[in-house]
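J.: Next up is a structure, given as structure tokens.
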């Protein structure tokens with residue numbers, strides 16, 4: 001490789017948000033509050049599921065994985081965002097930037113596929129309840145977790161390790177985090193490998209899971225409409241509505257961010273990304289705890305036991 005094509009710097013400067021002091025204070029307060037609630041909510045949901053035997057079912061196993069991913073995903077980006085809001089020089093080391101990108105890709109892809117698995121789990125539970133324990137066994141749950149992890153790593157992280165990005169242009173990123181598309185804008189050399197990789201990864205981690213989710217919920221809605229009991233319909237719709245809320249918030253915004261890159265949208269991508277990086281990880285513990293009677297009952301039992309031990 002020629003010297004002119006090698007990386008000439010060891011850090012990036014993140015432009016972040018060019019707001020005045022008042023707007024920056026509002027952003028910091030809102031983001032910090034949401035992040036604290038996200039950490040507390042997901043940790044509380046994790047602990048509740050782990051120590052409650054009644055919640056040791058495949059549905060809550062997947063929910064436990066989702067909370068763990070949200071905890072890690074939010075912690076990968078939000079702390080750096082918070083520290084940079086009032087910083088004049090928003091620097092991040094090249095190594096730290098590339099690590100943030102790789103970890104973020106892995107976690108984001110894992111969550112996309114996991115949401116599809118959760119949709120399939122609900123489809124089997126509602127449409128084929130008598131065969132649920134046979135189809136969604138603990139063995140299937142464990143294998144699903146392994147396959148999601150390995151597949152996300154191979155599709156999204158391994159390509160950046162096999163062929164590392166080279167930077168010889170400016171070291172300024174028009175973002176508040178090390179997003180892969182923002183890095184490609186300042187990378188040099190032949191980028192066709194990365195563009196093909198993004199398309200392939202997008203098909204398997206965004207489009208294919210979304211298609212599975214849509215098909216699953218179409219079948220679920222058809223099955224629910226056949227239920228004669230009004231209470232049964234209401235309970236089934238309530239269970240599925242919480243999952244759909246996460247899917248719509250997370251999937252739509254992340255697809256705009258990764259697959260809707262146009263000149264007219266490019267300046268708004270970092271604002272759109274706030275939804276799936278800051279807000280969505282908070283939504284999961286809220287909707288699955290406040291809208292789920294089993295989780296609320298388990299949490300109440302834990303509080304009762306805790307109060308009795310004092």
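Sequential numbering from 1, following the chain as shown.
In case you wondered, yes, glycine gets a Cβ from its N, Cα and C as well.
The domain 'G-protein coupled receptors family 1 profile' annotation in TrEMBL covers 41-288. Taken from TrEMBL, the feature transmembrane segment covers 12-39, 123-141, 146-167, 196-225, 237-259, 271-290.
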J.: Please tell me whether the transmembrane segment (123-141) and the transmembrane segment (12-39) touch - that is, whether there are at least 3 C-beta pairs under 8 Å between them, with each pair 6 or more apart in sequence.
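T.: Not in contact, no.
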J.: Looking only at the domain 'G-protein coupled receptors family 1 profile' (41-288), what is the model's average confidence as pLDDT?
T.: 86
